[in-house]
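Novice: Sharing the record's features from TrEMBL:
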- 1-474: domain 'Amino acid permease/ SLC12A' (DOMAIN)
- 12-35: transmembrane segment (TRANSMEM)
- 56-77: transmembrane segment (TRANSMEM)
- 110-131: transmembrane segment (TRANSMEM)
- 136-155: transmembrane segment (TRANSMEM)
- 244-267: transmembrane segment (TRANSMEM)
- 287-312: transmembrane segment (TRANSMEM)
- 333-350: transmembrane segment (TRANSMEM)
- 356-380: transmembrane segment (TRANSMEM)
- 392-412: transmembrane segment (TRANSMEM)
- 418-435: transmembrane segment (TRANSMEM)
- 485-573: domain 'SLC12A transporter C-terminal' (DOMAIN)
Amino acid sequence: GFVVGHAGLYQALAMFAVAYFIIGMTVLSVCAIATNGALDAGGAYYMISRALGPEFGGSIGIMFFLANVCGSALYVLGLVEAVVDSFGIPPGQKAGTGVHVLPQSYWYELLYGTMLLALCLLVCLVGASIYAKATFLIFLIVAGVLGTILVSFFATRPIGVPIRLPHFNGSETENGSFTGFSLATLRDNLGGGYGVDYTTGQMMSFSSVFAVMFNGCTGIMAGSNMSGDLKRPSYSIPRGTISAVLFTYLVYNLLAFLMCATCNRTLLQKDYGFLRDISIFPPLVTVGIYAATLSAAMSNLIGASRILYALARDDLFGRALALAKKTSASGNPVMAVVLSWLVVQLVLFSGKLNTIAGVVTTFFLLVYATVNLACLALEWASAPNFRPTFRYFTWHTCLLGIAGCCVMMFLISPVSASVSLGFLLLLLLALHYLSPSSTWGYISQALIFHQVRKYLLMLDVRKDHVKFWRPQMLLMVQNPRGSARLIDFVNDLKKSGLYVLGHVELQDLDALPSDPLQTQQDSWLSLVDKLNVKAFVSLTLAPSVRNGVRQLLFTSGLGGMRPNTLVLGFYDDTAPQDGLARHPAFTIAREEVPLGFPPLRAPDAPKLLSPREYVGIVADALKMLRNVLLARQLESLDKAWELRRAASPPPTIHVWPVNLLRPDSARYADTCSLFLLQMACVLNMARAWRRARLRLFLCVEAGAMPHAQEEKLRQLLKDLRIQAQIQLVPWDAVTCLHWQSPRGPPGGPAVEEEEGAVNFPANTTQVSDEYVCAANKLVLEQRPAPAVRFLYLPRPPADTSLYTLYLHQLELLTRGLGPTVLVHGVSAVTSTQL
């Protein structure tokens, strides 16, 4: 009557249609989730948390708990209004007459609400079985009352109904009228006629009336809230919920039409208890109203307690909800019931039904939107295990349900909707950072997988362009204990590209009962998390390190995301140091290093690979057209100290884009030199290295017009948009040692050059150790000492018997230089075009 009296028949039917469209879409989602596996206590909370993960589940669980608590309070207040309307002393009178014996005031009504709530508490404390019996009895009573009301519309003769106006001027009365079926009455009630709500004194509107009306449609979760108490929840919830929705929708529409055709607007707006006046047996209507509101109040109270119990049992809020875990011998969560009752009691202080109707409606709409979101996410993730037996839904129905809920939330109360969403966001963030990890499965992972697979298929390697090149690193790690700073350094060098930590385990799977890498995977993933690097982990079994690296170069990555650069630690005789225990990730948090990594190799223990095999790995990578980086003494790089020291000048990065092992073919614009420049620039672009300055060293000989060379190099840097300081370095004293040294064995293989890249088979025979030591000294003399140096890495010789000599000369070249990266590039990576 309240809805029809203010909104008229057309708008009332529209409200019912909108409300039931929203809850209809939600019911389809509820049925889909409820039939996709075993349900436990918690209803909607259980569904959402197991579908969307603990963050969404916990935050929506709290919102749904508050919605049920406020809903219970709302129905208790509605029952108090009905009791006072029937038995309250009329305004302006000191003593009641007849049945009107109950005093009316805020505190008295609060007392009545408290007594009624205590009755609900008593039923819920006894347990779900008595509640189920009580609600079935109430259902029979309400159905009987409804039948008498429908008969009364036809059987009652037209009558006038005197209406006392409470709260404002008790002496004034108005006359409403029951006209019986009348076309004129129907015409008068077709359109809207919003007036003042006599219980609150507030002017009604479409949104405020809808907010009150929607609370009559929020019982769709009553069955799912009892999921832990039902014998077959997956069978009962869909059938019971859909039947209830269809039945109530038909009853509401029928009652709206009958009221519009038989009662004038004054009666509908000014007397919310008018059905008693027109009933053939008025006391039965009173009993029906009491029974319906009492049933709704109990349903919300027991629903709130089950949600609170499920939240407490999942330990999402730690000790805050520990008390709610306690149950009776029969399994009834009595403490959760008591705590829910206390919160409802607090809400009762708001005083009037229509005051909290908007808040309750907003909370319920938010929960319904999230139930639809959970079902939508499960449908879009296309997980093979999402096979609900209820199939009458699609992602379209989920999306329509979400849209409908969100639109109506903001139409009803923009302020309540905004506050609710803000509160939900705060809960999400708090649970994301504070809640323990769960084993429920995260729908976000399924959705991410679905999207990543789709975009990887779209990432076409045939459309690669040098303008958009980025380093995609495969860093080979023998033991993370000795490579922590190198792992951190390469993370700065990847420039948002792919980063894979590779490891080769020297074992034969034929001789093992199971794959040993499965147990190691978790340790490596924990390491990635602790070091806060954005890397994947790729482990393999192989008979030798070289074969293992080949495997990883061939198989790491997927589609267009494959490593294009191999990074190796340097092969020397330096005893490995445990840098992991001293890494800031473990020293600041005072955490233990993850278990699963063996102790470092003893200084006198044999290495896992020979010098020849090590150089062979470099040669293999270059044959596969992978760029190669060799990192030496990176474990001595204290990045925090180097980059945060206050002394001026800022730390520097030294770049030597000339092949120091081949001075007679030195060029600054070959593919390898440009790749070296690019890598130094990429490091300088990383956030942690932006304070550093690039210094580029131009080696010049007497009489070679150094200024012309410098200008040419400066123009190249300008074209490449690389900011670097160029420093001329005379190296006649070094090159003269090269020209004086033997030029290789007689009859030695000829030198090959390919587009300026050093690609000759007997590279190491071209220079003497004396020359290499002089080149090392030249690099070392450049002051101030840099944070890191980038040097040109020549190709390994084609003659494999010279691998050991090649590695020896690399060791001489980089000896004592501190953190140094030897770089060899095989692909064009720089562009001067837009």
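Each Cβ is built from the backbone N, Cα and C atoms, and glycine gets one as well.
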Novice: Same chain, outside the transmembrane segment (12-35) by at least 6, Cβ under 8 Å from its Cβ: which residues?
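Specialist: Same-chain contacts beyond the ends: 3-4, 44, 47, 51, 206, 209-210, 213-214, 217-218, 220-221, 224, 227, 233-234, 237-238, 241-242, 245, 249, 252-253, 256, 260, 365, 368, 371-372, 374-376, 378, 388-393, 397-398, 400-401, 404-405, 408.
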Novice: DSSP-wise, what's the residue breakdown of the domain 'SLC12A transporter C-terminal' (485-573) into helix, strand and coil?
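Specialist: The counts are 38 helix, 22 strand, 29 coil.
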Novice: By Cβ distance under 8 Å, which residues at least 6 away from the ends of the transmembrane segment (392-412) in the same chain are close to it?
Specialist: 18, 21-22, 25-26, 28-29, 31-32, 206-208, 210-211, 214, 358, 361-362, 365-366, 368-369, 371-373, 375-376, 379-380, 420
Novice: Have the transmembrane segment (356-380) and the transmembrane segment (56-77) got at least three CB pairs under 8 Å, pairs 6 or more apart in sequence?
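Specialist: Stretch pair touches.
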Novice: At a threshold of under 8 Å on Cβ distances, which of 56-77, 244-267, 287-312, 333-350, 418-435 pairs most often with the transmembrane segment (136-155)?
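Specialist: The stretch I would name here is 287-312.
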Novice: So, do the transmembrane segment (287-312) and the transmembrane segment (110-131) meet, by the test of 3 or more Cβ pairs under 8 Å (sequence gap 6 or more)?
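Specialist: Yes, the stretches contact each other.
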